[in-house]
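Quick look at what TrEMBL lists:
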- 38-57: transmembrane segment (TRANSMEM)
- 124-145: transmembrane segment (TRANSMEM)
- 157-175: transmembrane segment (TRANSMEM)
- 182-201: transmembrane segment (TRANSMEM)
- 213-232: transmembrane segment (TRANSMEM)
- 360-382: transmembrane segment (TRANSMEM)
- 388-407: transmembrane segment (TRANSMEM)
- 419-436: transmembrane segment (TRANSMEM)
- 458-477: transmembrane segment (TRANSMEM)
Amino acid sequence: MAEPKPEEISHPPMDQLQGLEYCIDSNPSWGEAIALGFQHYILALGTAVMIPSFLVPLMGGTDDDKVRVVQTLLFVEGINTLLQTLFGTRLPTVIGGSYAFMVPIISIIHDTTLLSIEDNHMRFLYTMRAVQGALIVASSIQIILGYSQMWAICTRFFSPLGMIPVIALVGFGLFDKGFPVVGRCVEIGIPMLFLFIAFSQYLKNFLTKQLPILERFALVISITVIWAYAHLLTKSGAYKHRPELTQLNCRTDKANLISSAPWIKIPYPLQWGAPTFDAGHAFGMMAAVLVSLIESTGSYKAAARLASATPPPAHILSRGIGWQGIGILLDGLFGTLTGSTVSVENVGLLGSTRVGSRRVIQISAGFMIFFSILGKFGALFASIPFTIFAAVYCVLFGIVASVGLSFMQFTNMNSMRNLFIIGVAMFLGLSVPEYYREYTAKALHGPAHTRAVWFNDFLNTIFFSSPTVALIVAVLLDNTLDYKDSARDRGMPWWANFRTFKGDGRSEEFYSLPFNLNRFFPPS
C-alpha cells in the first residue's frame, strides 16, 4: 500500500468555515429570510421570558408586571439588535437579555431598604427603579471602553490560543441551562431534543423546491410539534395531580402571560418612574457589565465564523462593545430588568441552519418589536414551556462551544505549553463557577460575603461566569508563560492579518458601516 501524502492526512487551517449556504452579506429570498427571522425571534423568547419570570415575583410583582417586563425586554432587544447589526460589529447577532446580571440584581432585590416596603406593588416599582439606576451608571463602562478604543487595545493581548477556552466556555459554561432543565419535564424535553437533531441533521437533505426545509426550519417545526403535544398532555389532565414544579415546567397554561397581556402596549423610557441611584448597587452592576463584555467578545468571534466572515478586527470589536453599552443604557431607561449581551443560542442557530445572513437577524429584530407591541400575540408564543427551549440549547450551545475549539487549528497543539494553558483555563472556567453555584445554593450567599455588599456582588458576579474565569486564566498564562518564543505556537502570525481593519481586504466587505458612513467614521 502506498504511503499517504501529507495533504491526505492533514487539513489546512481555514479562517472561514466551509459548507455555509449564506454568509454575512448574502441573503436568502425574502420569503425564506422572513421565515428564518421569525425562527430567531422564537428562539430569543426563551431567555426573554425566563429572566422576568424568575425575578419579577421576587420583587413583589404580579403577572401583569411580568408581562410588561417581558414586552419591554423584547422591544429593547429588537432595538439593540438593529443598532448592533447596522452600526456595531455588523455581525448577525441577536442582542438579548443576560444571565450575568442576575447576581447584582438579586442583591438589589434583597436590599433591606427595599424589603421593608410592605406594599408589594410599590416594592416592585422601587426595586425596578433601583435596578434601572444601576444599569444606567454601569453602562458607562462599556461605552467608555468601546468608543475610546481601550477594548481594542486590550484585545491585542488575545491570541487564538487564549480565545479557545473563552469562546468554548461561552457555550459549555451554560450547561446548567440545558439538560438539567430538560430533566424537569422529560416527556416533552427528550422528544424535542431527538426531533430537533433528526430534522436538522439526519433529514437535512430532504428538499422541497430545492430548499432543505427540514434543516433550515428544524427549530420552528419541532417546536410546533412538541408544543402541540405538550398542550394535548395539558388538556388531557396528564399533570392534574403532579407536583407544582412539574406543572410549571410541563404545562402550557401556567405562564399566565396571555390572559395578563394587553392587546396593544408600546414600551417607553421611564415607564416605571424616575430611576434611583445608589453607588453600591451601581458598583456591583459594573461587574456584570464587564462579564457581559467578555462573553460578548467570545460570541462575536463565534458569530463571525458561523457567518463565514473573517475574525472581526480590534476596532470593530470595540465599536460593537460601545454600541452594546448604549444598549445597556437603553435597558436602564426602559426598565428591562436585565442588561444586554449577545444571545448565544441565536449564534448557535446560525450554524444549525447554515445561514449567517445579517438581513435575517434584522428581520428577527422587527418581529421582536412588532410582537412586543401586540401583547396578546407575543404572549401566545412566549407561553411555550421553557423545557422545549432547554432541549434546543443542548444542541445550539454545543455548536458555539465547538466553534471555540475550532480555533485550535491555528495553534500548535503538540506544544505542552499550549496544552497546559488550554487545559487549566477550561477546567478552572468550569470548576470555579460551579464552586460558586454550589456554595450559593447551600449558604444562600456567595463565597464573597463581607460587610461591603458592593464588593461581594463584584467578586461573586465575576467568578460566576465561565468565560470570564477562562479569559483571566488563559490570557494571563498566555502572556506570561514563555510568550516571547511562542508566537508561532500561539497562532499569532495567522491572527496578525485580522488585528486591523486594513490588514485583510475582506474586512471592508463584512464590517463597513452602511449609508457610506465610513467617510465620517473611518476605521483604524
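Quick reminder: no glycine exception, Cβ is built from N, Cα and C everywhere.
Source: prediction; values computed, not measured.
No contact links the transmembrane segment (388-407) to the transmembrane segment (458-477), because fewer than 3 Cβ pairs that are 6 or more residues apart lie under 8 A. In this chain, the transmembrane segment (458-477) lies out of contact with the transmembrane segment (213-232); the count of Cβ pairs under 8 Å, excluding pairs fewer than 6 apart in sequence, is fewer than 3. For the transmembrane segment (157-175), the partner stretch with the most Cβ pairs below 8 Å, chosen from 182-201, 419-436, 458-477, is 458-477.
Within the same chain, residues 161-162, 164-165, 168-169, 172-173, 408, 413, 446-447, 460, 463-467, 469-470, 473-474, 477-478, 481 sit at least 6 positions outside the transmembrane segment (419-436) and bring their C-beta atoms closer than 8 Å to a C-beta of that stretch.
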